[in-house]
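The structure appears below as structure tokens.
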Amino acid sequence: MGRGWGLFVGLLGVVWLLCPAHGEERQPETAAQRCFCQVSGYLDDCTCDVETIDKFNNYRLFPRLQKLLESDYFRYYKVNLKKPCPFWNDINQCGRRDCAVKPCHSDEVPDGIKSASYKYSEEANHIEECEQAERLGAVDASLSEETQKAVLQWTKHDDSSDSFCEVDDIQSPDAEYVDLLLNPERYTGYKGPDAWRIWSVIYEENCFKPQTIQRPLNPLASGQGKSKENTFYSWLEGLCVEKRAFYRLISGLHASINVHLSARYLLQDTWLEKKWGHNITEFQQRFDGILTEGEGPRRLKNLYFLYLIELRALSKVLPFFERPDFQLFTGNKAQDAENKVLLLEILHEIKSFPLHFDENSFFAGDKNEAHKLKEDFRLHFRNISRIMDCVGCFKCRLWGKLQTQGLGTALKILFSEKLIANMPESGPSYEFQLTRQEIVSLFNAFGRISTSVRELENFRHLLQDVH
Ligand SMILES: *[C@@H]1O[C@H](CO)[C@@H](O)[C@H](O)[C@H]1NC(C)=O
Ligand SMILES: *[C@@H]1O[C@H](CO)[C@@H](O)[C@H](O)[C@H]1NC(C)=O
């Protein structure tokens, strides 16, 4: 793994040094400034700055990546959405897999409540919300028969290997292919305590954080105060760089998901049409520096941090995909070859991006320590992937699982840099393998982060004239 850590080290200075604007300075005037003022400029000892990343991503990478992700190879992802949550079983009504069946099944709702006056009863309102969340959160699993046959063959090209995620048993009868294009990640109505709980468990119990240290703005914690925030950040600063990086990756993932939900908010929902689009209020509530007591801009910086980590993993894994034996196999030879060309083009583009990090490994001198840390990372990360089975809303669960698997795959790559670099050019690679599931999740997860970075530009424009 060695040099993989150079990246973490190089990036860690990034986060708090971007913009000196803290409390006592003049308040930024527009909403755009309040969200983005601190998210600009040079990323410390990396020669790239946020603006360079934006330009690179939005104009060079994003369009090609979108095209790749629309191909058959990348659009079908097999997932078991029916796994029980291993940690608790009182998943909130709206959250429950069969939410509509129990508290929301219309047959069970007395007619009186369903009549016109029902909107005024709190219970009925809840039912309505539930049905809405259920409808929006449902996953469309329809696949054509032809596709079903084709995907049967794909599994033959899978090899299992050491993984950072608790991977679904994709042979299980409960595992199904879903078409990611038919199930875009967007606002589902899944929020509030149920969603907070998921993130809370992830941050509180799985990010190396002791219980005595409270996370700022944790909606489930009582009695927040400035002093707690300070304790949290001094705790974070006291961690070794890798564990700090772990926290930032999770925060970046959280931020990215929230950017999507704000960018594809259900703005209008009538029988005539559903309209999805940008909701700047929602965005501000999550990222405005003042409304979030400074947390918002930090979250956005963590999003860039996550972007750079995944970018780094992609640039390192190039030799794996370059081998002549490797195919993006779907059975359509011409299309498969074309996709591989596009994939390599994207990876070369990424490799050319000047991520000038300090390449010296933090753990170069201590093999045991590095090994232990890798194991630690793996255990924590696997746990997070299991928590995804506790996400109530189906669609959120789908994208949660996919994105954690993608990030897990990126980490696996970063921890295997040497193996990849020494990979034989042809013939089987026994030391390092990626399954189709890992490949699909890696690129789709990166596609999500790339979309988030692109969306930030949109929000910057939308917030420009808002005060
Ligand atoms: C895994 O997650 C559960 C639930 O949050 C937690 O109780 C447990 O301590 C976690 N284990 C590790 C190794 O993080
Ligand atoms: C935007 O989001 C806020 C909550 O953040 C919500 O109250 C508002 O209704 C949303 N606007 C639209 C047009 O849906």
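Placed from the backbone N, Cα and C atoms, the Cβ positions cover glycine too.
So that you can see what the record holds, here are the features copied from TrEMBL:
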ACT_SITE  Cys393  active site, nucleophile
ACT_SITE  Cys396  active site
BINDING   Arg186, Thr188, Trp199, Ser251, His254, Arg286  FAD binding site
DISULFID  Cys94-Cys99  disulfide bond
DISULFID  Cys393-Cys396  disulfide bond
SIGNAL    1-23  signal peptide
By Cα-Cα distance, the member of binding-site residues Arg186, Thr188, Ser251, His254 nearest Cys393 (active site, nucleophile): Thr188
Proximal but sequence-remote residues of the same chain as Arg286 (FAD binding site) (Cβ under 8 Å, at least 6 apart): Ala255, Asn258, Ser262, Thr292, Gly296, Arg299
Length of the line joining the Cα atoms of His254 (FAD binding site) and Cys396 (active site), in Å: 12
Long-range Cβ environment of Trp199 (FAD binding site), under 8 Å and at least 6 residues apart: His254
Surrounding CB atoms that lie within 10 Å of the CB of Thr188 (FAD binding site), all protein chains: 24
Rounded distance in angstrom between the Cα atoms of Arg186 (FAD binding site) and the residue listed as 'active site': 8
Where the record names Arg186, Thr188, Trp199, Ser251, His254, Arg286 as binding FAD, the maximum Cα to Cα distance in Å: 20
Between Cys396 (active site) and Ser251 (FAD binding site), the C-alpha gap once rounded to whole angstrom: 17
Secondary structure at Arg186 (FAD binding site), reduced by DSSP to three states: coil
Proximal but sequence-remote residues of the same chain as Ser251 (FAD binding site) (Cβ under 8 Å, at least 6 apart): Arg298, Arg299, Asn302
Cys393 (active site, nucleophile) in three-state DSSP notation: coil
